[in-house]
Amino acid sequence: MKGKLLKGVLSLGVGLGALYSGTSAQAEASTNQNDTLKVMTHNVYMLSTNLYPNWGQTERADLIGAADYIKNQDVVILNEVFDNSASDRLLGNLKKEYPNQTAVLGRSSGSEWDKTLGNYSSSTPEDGGVAIVSKWPIAEKIQYVFAKGCGPDNLSNKGFVYTKIKKNDRFVHVIGTHLQAEDSMCGKTSPASVRTNQLKEIQDFIKNKNIPNNEYVLIGGDMNVNKINAENNNDSEYASMFKTLNASVPSYTGHTATWDATTNSIAKYNFPDSPAEYLDYIIASKDHANPSYIENKVLQPKSPQWTVTSWFQKYTYNDYSDDYPVEATISMK
């Protein structure tokens, strides 16, 4: 959500058929599980409880960990796992289903990473809030912190997590990220220009990694790039995202937005009059193995009701997060 994290002191926080080189959007995904990869991305809205103590982070960590929607994936990318205690609890709750996990981006630069690259700083107030969990072994884990952000994003180690995952007899490379937020506090700096530079950093990393061109490379997360009303505009930021990453446009199914105040109780409380946005994606690099089909499906799972108290008033919600999860089905050749 544009500027959604500005409700307190700190903000931590593209069809274009010609760009899609896969088969028809109506193609059926392979029924061979070894040839199908299921990847989910979900921004779980776990802001620091030091700043936002009343968003049920600990309770939602348990609800998400037990939820059906997050099960039966190969890989899950988590965004906004900022709060240390709640994110540790969520990762612990997911351990049985997804025993192979990265640490949270930018929280430390220790031996939990094979490499730390980019502009990491241990003195930055907030981490990058991205982690990847996997059913399959993770052969390599790299964290990369972007060169710069704007506005309050400068106060976090935002960047991306790279994983090399071995599913049976093949390697798949999954990058999880959370790009610059749309933020009025960026001043004269355009958040869109910052996002473009961050996408270039991801693309440069992929090129320099020399990944074999017969292996799949997937990029996913909260891109903060809005698909709505942009799909048929070749000059839009949405179109530019795919061009910069040289990535295939997926088939889109499910709900028409990943953030929607008309259907989501948390989003409605925060920004009741804001238009819906489609910000979260999982896409495939065209410089590497090209999926025969890739679908992004927006799910709308409802959580059991949970209640918080603020200033002696109770507030009840029935969503896991203010963002909806996106489930990608990738048919590999």
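Cβ coordinates are placed from backbone N, Cα and C, and glycine is handled just like the others.
Taken from Swiss-Prot, the feature disulfide bond covers CYS150-CYS186, and the record attributes it to similarity to another entry. Secondary structure at CYS150 (disulfide bond), taken from DSSP and collapsed to helix, strand or coil, is coil. Long-range Cβ contacts of CYS150 (disulfide bond) within its own chain (separation 6+, distance under 8 Å): GLN180, ASP183, MET185, CYS186, GLY187, THR189, PRO191, VAL194.
The signal peptide annotation in Swiss-Prot covers 1-27 and is backed by experimental evidence.
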Conformational class of CYS186 (disulfide bond) under the three-state DSSP mapping: helix
Neighbouring C-beta atoms (10 Å sphere around the C-beta of CYS186 (disulfide bond)): 22
